[in-house]
């Protein structure tokens, strides 16, 4: 597929949220369309393009932040009515900008997701789903975890209302009225839903989903059970999915899949075969792509992909060629038009620069007055702190609406920073003593000019918990700083899953006492990531987790007055016991704590660690040999005299070095986990073996699995 697209920037509005831009429909296939967009200043802007310049159709007054924007109308007619959700209110506008609806839902939480089908309105707050018909309440559902998006299968095809919720716990929930019909697990937390081909496909049951960890899939939502048609893993480790659309940009009669990611990558997939889409084109923006749609905006007859980005830019990737094949007269005419446009832009820029200098001088003069009050400039930060399953690291993404100058990181628990390929900032790490100020990490990231998005990777240690603080300083005057806080949890490397292996040797921690369901749930929220903060409905709950580094597992089941925690890793039980005891003591709650330890679980955990440790030791050994082998190669002129194993090391030297740099602390992490396992095993027996740790480290230095297992069995 040959696809040549040219970027055109049309307009900039305020900071935008996910799915807040749409193209108004027209009756013609390639007739020019109007763009409508809502921003976080509460302004709805509608504009079209005439002679290459944006022309406003209407613009509303500022108000509460717009969280979603959808188009609606009577079924089987043009969907040209504009609906925006802000706070707990939904407003409706005609394509000319006349407001015809102001519907206060009286929801206690702000609306996070919205979908419209004819007279039916589907709204979701953090945990609550509401269905309205003609603004009258119809159905209600309380989700077990946060709702990220909602849609309804096309009523005109299925003759029944089937809402689908995308929930943070890696589940799509399909509803029938106010009841859960069924749920389906997906490979990541689903962040966005869309109907396949814009209409659910031939059956009307095909739903596309994108996850916050960058995966894409297609599911058929039938009346009985769901069926996965295809899914695409995030092999290139790109950003999460924020928006998607189906549009035939090539013009071959088959709609392509358009994907917008939070790292600024726009992807175009086409369907060469019926099994799964193939990536054919991509374009990198410098900030999150919050909305994407295919249509015709800039020039009649030329299709394009319209995007909105986090800072409010509305841009098009158009199929219109940059230089038309035409006669010399047309070329001269186009050249004059382009020159006039460039001249006009230069004049505007010079005028703005002069105005900025004048205002800056005025500010400096006024600031010297004793009565002057300096206003701190406010700015918006879009951040994400997530655990990556692939390398058991946390990814911290900071995106600012203006250029970032510096980011200072401070943490009161031991964490390591990991290099990120996309990161061009200059890093300075300060050596600091943890006592008495509690600083284990102080690091600054000095960003290059025009950097609006910074991605960092952090390695945490389970059992050590506290707060990571990011001080974000943008390039604005006067200087200002905003602080973002992130919790490093006691079991920070555990990730939610929906099933565990029941045949593993499990250790059990039992809690009993005078505590409520809400209290024990708050303790679990404190200890583990990806647990909904809202207390679950019902009398009891079970959560399942998997350690992303070791692949050990944890089951948490609790209710009022009692809790049961099962894990095949003794260290996990030990951390939970210490933290839960401390939290209960803070609240002056008496706990009865008992532990049932399965001796077989220790060897089981060591066997899970074995392949990872063996691989890291082998990698470290190979890296140590590279310099010596290269010297021999230089001396002899070739590597023919070396044994095959050493020849492979020389041939793969660059790849080995790169891999070793990417995993700088993996060996130390594994040594630390084995040491903790050793201490925790004997702690439950009432024996302190810390004096034997040097001997354990000596055994690890010349690692042999059988020797290590024997040492664990004999040390007492």
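The backbone N, Cα and C atoms fix where each Cβ goes, glycine too.
Feature annotation (TrEMBL): of 335-362, 363-390, 391-418, 419-446, the stretch labelled coiled coil is 335-362. In TrEMBL, the feature coiled coil is placed on 643-670, out of the ranges 643-670, 671-698. When DSSP labels each residue, the domain 'BBS7 helical hairpin' (599-712) comes out as 93 helix, 0 strand, 21 coil, counted as helix, strand and coil in that order.
Mean pLDDT across the coiled coil (643-670) comes to 75 in this model. In the domain 'BBS7 platform' (494-596), helix, strand and coil residues by DSSP number 28 helix, 38 strand, 37 coil. Helix, strand and coil content of the domain 'BBS7 GAE' (377-486), in residues and according to DSSP, is 0 helix, 61 strand, 49 coil.
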